[in-house]
Ligand code: NM2
């Protein structure tokens, strides 16, 4: 390397935070994990309602924004780079990983056996909320969390013309030039910290699922060694990808993975319990709309069931942790779209994608339990969620094959998510990169290894559960940063709206690039189109 591109300040703050998380567990696994749990409990206790309000407020803000006059503002003077369909597919795959393959099938079972609102477990009432709650946790208000950072980031890049997709840049409206100083670095580190937590959660859920699959197929015993083996294999896989920058190959893999996932869903829809899937989904939509506010703000202060801490807060934390990462990616691929288009596309497209998964996979598993075909609840209680997931799949026609394909899709989802996160992290922790330049190879691999090592340490410390909920902790600073970004964006747009509209009208009346240049530039864009796996390459 000729030039040193490592941002030592960001790197050292990030490493310190990572050390704070992992060293106590390395030294004393039992005490370290207990400490992590303590932090977690105190966050859910003290900030729980904040998470709930934040999610609802963000959702309300986005709805208002989309339908206000500001919704018409176009982010960048060009035609959208991708067709709306591929744009939606990109947004979906960027934000959703192996998590949906885990919870999509089995989340209902938890709500059915431990329902909210003091309902009788295993009652008909509980059964109506069981498939609904998953749709809530993966629905429009959750997608609002994902969507919100994309707006200020896209505005900063395409309208303010700042050459950086960083979170700190999107806060400039309020923090001004401090974005270049320590404050900006802290904001970017919070982003990294969040992403590390979000990935930790994904790995902590995905690994046991894969382990169960290996146990089921090859009879290998489910031990810590197997879990570690899986994480290390994933690490080797994406270290090779990161080192050689195999973005094109990975994009292809990721595209085919999505097709395969959709094919499995279609297969199950047709050959599974179709009528039950449709009826239950329909019922759930009704239950969800009827109870949306109750679900959004449920804290159970007197009953103290801990339902919302265990579920809604866990989920909002997980969404918040990933949000800046997916927001940067959405901003990157949304040039030329209006604010309204960006918001509605993400809220509606993302939600429908998740709902389809929950409707098809979850209701199939639920049907098997209700019809006495698979004792899902028993398996869940005695052998754990991964075994219950696999048993549901196994019961399908061609179950053996579906199960293997399903696990393959989950493994690829997990690997591609970690891979793109490592790219992004190495990017944010670099400086002086020229436009289009990538962080050094070793540095990309370093971040990939670091990401997985954290999970390894926590697993070693018997902290799989702590790891699963790590994102609740790492989301906290991001909740505040989101509001900073919103404030910054509102300040910009209210001041600049008139001039943007004048500019937009001028552009529409003839200043747009001619057809010829447009065709050429669209071709170029196609070639340079960000590979899905480089999701958030930053040009800073
Ligand atoms: N979210 C969407 O593993 C994953 O699916 C990552 C999970 C935040 C619940 C995203």
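Placed from the backbone N, Cα and C atoms, the Cβ positions cover glycine too.
Keep in mind that TrEMBL annotations are predicted by a computer and have not been checked by a curator.
What TrEMBL records for this protein:
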TRANSMEM  12-30  transmembrane segment
TRANSMEM  50-67  transmembrane segment
TRANSMEM  87-111  transmembrane segment
TRANSMEM  138-158  transmembrane segment
TRANSMEM  182-205  transmembrane segment
TRANSMEM  225-246  transmembrane segment
TRANSMEM  258-281  transmembrane segment
TRANSMEM  313-331  transmembrane segment
TRANSMEM  343-361  transmembrane segment
TRANSMEM  400-422  transmembrane segment
TRANSMEM  442-460  transmembrane segment
TRANSMEM  472-493  transmembrane segment
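Non-local neighbours of the transmembrane segment (442-460) in the same chain are 5-6, 18, 21-22, 25-26, 29, 33, 196, 199-200, 203-204, 207, 224, 227-228, 231-232, 234-235, 238-239, 242-243, 245, 418-419, 421-423, 425-426, 429-430, 466-467, 470; each lies 6+ residues outside the stretch with a CB under 8 Å from one of its CB atoms. Scored by C-beta pairs under 8 angstroms, the transmembrane segment (87-111) has its highest count with 400-422, from the stretches 12-30, 225-246, 258-281, 313-331, 400-422. The transmembrane segment (258-281) makes no contact with the transmembrane segment (225-246), as judged by fewer than three Cβ pairs under 8 Å among residues 6 or more apart in sequence. Using a Cβ-Cβ cut-off under 8 Å and counting only residues 6 or more beyond its ends in the same chain, the transmembrane segment (12-30) has close neighbours at 36, 185-186, 189, 192-193, 196, 425, 429, 450, 453-454, 457-458, 460-463, 470.
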